[in-house]
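Scroll down for the structure; my scribbles are underneath it.
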Amino acid sequence: MAISPTDPDRDRVPDGGADSALESPADEDDSIDAGSTAPTDSSDENWLAAYTRDHAAHLLVVAAFALYPVVLGVLDRTPLATEASSFLPGLTAMIVVLYMGLFAMSFDFVSGYTGYLSFGHAAFYGTGAYVVVLAANGKVPGVPADTPFMVLLLLAAVLAFVVALAIGAVSFRLSGVYFAMITLGFAQVIYEFVRHWEYVGANPSEGATISRVDGLSIGVPYVDSLNVAVGRLAGDSFENVLGMGVDVSATMTSYYALGVVVLVCYFAMQRILHSPFGAVMVAIRENEERARAIGYDVFWYKMAAFSASGFFAGIAGAVFAAYARGASPDNSFYFLVTADALIMAIIGGIGTLAGPLYGALFHEWLEDILTTENDGIATYLEQLLPQDVLTTEVAGMTLSDFFGTVLTGRAPLYLGIIFVLFVLFVPDGLLGSVRNRVGGPVGKRLPAVLDRYRR
Amino acid sequence: MTIELATGLPLATDLPLVVDALSRLFQPDTLARILVEGLGKAAVYFVLAVGLTLVFGLMGVLNFSHGAMAMLGAYVGGLLMVLAVSDGTGTVARIAFFFVAVVAVFAVLTAFGSTIEYSLIRPIYDRTPMYQILLTFGIALILEEVTRIVVLARGIQPDPPWSAAMATAPALFTDRYDVLGAPIRGLYAFEIVLGVLAVAGVWLFLNRTLYGLYIRAGSEDPEMVEALGIDVRRAFTIVFGLGTGLAGIGGVFLMWDPLWGPSALLAIDVLLYAFVVVIIGGLGSFEGTVAASLLVGITDSFTTWLFSTGIVTFTGLPALTIFGLLVLMLILRPQGLYGVEEVGGH
């Protein structure tokens with residue numbers, strides 16, 4: 001890549017990409033060509049400018065996520081408030097995007113990059129969630145109930161890592177459908193166990209809630225002023241931040257704090273995938289026999305990839321439990337939680353790390369506008385349409401009832417239809433298709449694409 | 001994990017209780033109960049799983065919409081029964097209607113499955129098998145949700161089993177009968193008969209018909225079958241249709257079963273159990289499916305009995321054991337009881 005020999009700093013610039021695809025050799029040639037057509041008179045640029053340039057896509061996405069609550073707040077005061085609340089995902093949905101996006105990314109990390117479909121990934125997510133809930137209730141031996149959340153987060157991730165090691169050690173003797181099935185089997189055994197495990201709570205199939213009153217505090221260790229409590233309706237809220245007249249609600253605090261956790265995890269996963277280790281993962285996906293023939297001990301590479309993925313899935317679960325202040329077997333350990341991650345990964349683009357995040361965004365947006373609460377499309381239509389239209393009979397029910405039946409809470413239906421259409425017509429997913437369009441990892445190609453339109 | 005085991009599975013360490021239970025296990029009434037219930041469950045598992053085996057054996061497609069098809073079968077069959085049966089309908093008429101429902105559901109779902117294969121799955125055979133799995137999963141999502149909408153609009157609750165359909169069972173099957181001293185629900189006997197019929201029917205189809213030959217050959221060596229000039233595409237359409245039809249029959253079988261009954265939740269529950277049976281038996285193997293349904297069915301009734309005696313107070317035992325059986329089988333013998341190593345290269 002157009003690295004100037006006189007500028008050693010360029011060497012250290014990670015070849016960032018919002019989607020971090022590791023190209024096949026053909027793509028590599030392509031990007032070298034592209035690199036040489038990009039402006040080469042960059043020797044006078046300092047490293048920060050180069051770094052920013054390489055991470056332009058990341059910065060844009062982070063900025064979009066950071067500004068979104070502010071934009072929502074502004075829209076709320078304009079005449080478009082009803083439209084905004086009906087058609088845009090609310091802040092709570094955006095928090096779901098964050099932790100489900102992280103979970104879907106961790107699923108994609110192993111399934112999209114090594115090609116081993118992990119059908120029991122919810123086992124790690126659930127482990128993370130239950131560690132937080134049980135520890136916050138003081139039910140984990142040796143862990144007091146007032147342990148800082150950052151420590152619990154790590155504990156949850158490490159335990160998920162260990163569970164993944166144990167499951168992986170047995171499962172990686174198999175491949176293909178058999179691998180998918182044995183991971184599913186393990187996850188279902190744990191699910192059935194937790195569902196009937198009376199230690200969790202009085203009604204274990206309902207799960208458990210965090211009994212302490214205050215939120216769990218997340219933040220930078222040893223820096224007290226940066227600690228904020230997160231948790232739905234139980235976290236910190238800040239009024240008049242920095243004297244700018246901006247109020248940050250408890251939900252918004254959770255959003256930003258959890259967003260930082262997800263961001264750090266994303267960059268960690270991205271860094272692993274861009275390392276030589278990540279290249280071996282892709283080699284395993286493309287041709288496992290050849291990777292073995294080159295001399296890689298593929299079993300341990302698969303194990304490491306699987307357990308690293310379990311680690312991040314554990315963090316996602318822990319973040320979910322801290323925010324939701326509780327977990328149940330059905331929303332953490334169940335097969336359909338893995339299925340959600342799979343849907344997000346396919347819609348966003350499997351084999352692109354950031355793709356699942358966009359898949360999660362799409363998933364939650366759909367769920368939010370078709371909500372059973374009072375700010376979805378159904379309510380909007382009922383307010384918009386005149387009363388006599390609403391009471392028109394359609395197939396034996398009024399139009400208003402019809403909306404209620406086919407729209408309210410029907411996100412899985414439309415998601416299923418869109419999922420099928422994606423599998424049939426957009427097999428590379430959202431980000432994967434964009435990547436094919438611009439001819440390489442989006443983050444890497446974005447500067448060149450922007451340059452084309454600059455003059 | 002050790003902590004969880006210690007507190008989660010409160011295995012009673014009371015020795016007399018275990019000895020007492022063991023002595024009770026070898027009583028004729030206990031054995032009869034475990035065996036008859038186990039065979040009944042095995043019959044249900046077989047019918048639920050055999051379609052999945054046929055489809056996987058020939059096509060190498062793990063059909064994730066199998067459970068949703070069984071759910072459709074349960075609802076369509078239930079609808080027919082509710083329409084046909086009134087309070088005054090006699091036992092014989094009810095059983096006759098049941099078989100009419102079985103035939104009708106099989107016809108409807110075979111046509112439906114063939115259409116789905118022809119229109120949706122056929123265009124993507126040139127992709128990796130994962131995309132066919134994903135597609136059938138998407139179909140399952142849509143079917144489940146459409147069913148929920150229809151069921152909700154018609155005033156039938158989507159989640160708890162549809163009681164009106166369950167109530168069409170003749171009194172003969174809901175009563176309990178004395179078998180060697182054990183009170184056994186009549187339905188189990190009926191299920192055993194149906195299961196034997198199903199095993200015989202599928203065996204005859206596989207061994208005495210042309211398409212049966214294609215399926216057996218296809219699950220051994222798909223390339224060779226294609227090279228011999230058999231229209232594999234058309235065989236795929238027909239087999240997928242038949243697999244769907246069998247799932248539908250499985251759904252009708254569930255209609256009277258107090259443990260299942262028509263509900264939207266079947267789409268996932270049936271799928272998971274069918275996977276367990278098919279994998280324990282060996283993907284694509286008919287004999288394996290028969291053996292695995294027997295194994296799973298009898299394990300299920302044994303663990304249920306174990307729980308009912310109070311030796312184990314862990315309520316989730318049957319489900320836990322069944323998935324544990326799956327994991328154990330994959331560890332010890334990944335290709336399943338009768339499976340061929342690396343079936344169809346998947």
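Each residue, glycine too, has its Cβ placed from N, Cα and C.
As the structure is a computational prediction, the values presented were derived from the model and not from experiment.
Quick look at what TrEMBL lists:
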REGION    A:1-43  region 'Disordered'
TRANSMEM  A:56-75  transmembrane segment
TRANSMEM  A:87-107  transmembrane segment
TRANSMEM  A:113-137  transmembrane segment
TRANSMEM  A:149-170  transmembrane segment
TRANSMEM  A:254-273  transmembrane segment
TRANSMEM  A:299-321  transmembrane segment
TRANSMEM  A:333-358  transmembrane segment
TRANSMEM  A:411-431  transmembrane segment
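When Cβ-Cβ distances under 8 Å to the transmembrane segment (A:113-137) are tallied for each of A:56-75, A:149-170, A:254-273, the top count falls to A:149-170. Counting Cβ pairs closer than 8 Å to the transmembrane segment (A:254-273), the top stretch among A:56-75, A:87-107, A:149-170, A:333-358 is A:87-107. Remark: the transmembrane segment (A:333-358) makes no contact with the transmembrane segment (A:149-170), by the rule of 3 or more CB pairs under 8 A. Within the same chain, residues 98-100, 102-103, 105-107, 109-110, 113-114, 116, 118, 121, 124-133, 152-153, 156-165, 167-169, 171-172, 210, 258, 261-262, 265, 268-269, 272, 277, 280-281, 284, 291, 327, 332 sit at least 6 positions outside the transmembrane segment (A:299-321) and bring their C-beta atoms closer than 8 Å to a C-beta of that stretch. When Cβ-Cβ distances below 8 Å are used as the criterion, the transmembrane segment (A:411-431) is approached by residues 18-19, 343, 345-350, 352, 354-355, 358-359, 362-363, 366-367, 370, 442 of the same chain, each at least six residues removed from its ends.
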